[in-house]
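Colleague: My structure is below; once you've seen it, I'll send some questions.
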Amino acid sequence: GGCRYFLGGCSEHSDCCEHLRCKMGLNYCAWDGTF
């Protein structure tokens with residue numbers, strides 16, 4: 001359970017915590033530009 005934090009590994013956006021999204025191809029969570 002739980003969400004992935006900044007630079008955490010991911011396979012889709014829903015893996016990442018709020019305000020983060022999965023960078024496709026690089027497979028880590030990055031800030032999505034929102035607050």
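Each residue, glycine too, has its Cβ placed from N, Cα and C.
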Colleague: Which one, Cys17, Cys22, is listed by Swiss-Prot as the other cysteine in the disulfide with Cys3?
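Modeller: In Swiss-Prot, Cys3 forms its disulfide bond with Cys17.
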Colleague: Return the residues near Cys10 (disulfide bond), defined as same-chain residues 6+ apart in sequence whose C-beta is under 8 angstroms from its C-beta, sorted by sequence, else 'none'.
Modeller: Arg4, Cys16, Cys22, Lys23, Asn27, Tyr28, Cys29
Colleague: In sequence order, which residues at least six apart in the same chain have a CB under 8 Å from the CB of Cys17 (disulfide bond)?
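Modeller: In sequence order, Cys3, Arg4, Tyr5, Cys29 meet the Cβ cut-off.
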Colleague: Cβ-Cβ under 8 Å from Phe35 (phenylalanine amide), same chain, 6 or more residues apart: which ones?
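Modeller: His19 - these are the non-local Cβ neighbours of Phe35 (phenylalanine amide), listed in sequence order.
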Colleague: Going by DSSP, is Cys29 (disulfide bond) part of a helix, a strand, or coil?
Modeller: strand
Colleague: If you draw a 10 Å sphere on the Cβ of Cys16 (disulfide bond), how many other Cβ atoms land inside?
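Modeller: The answer is 23.
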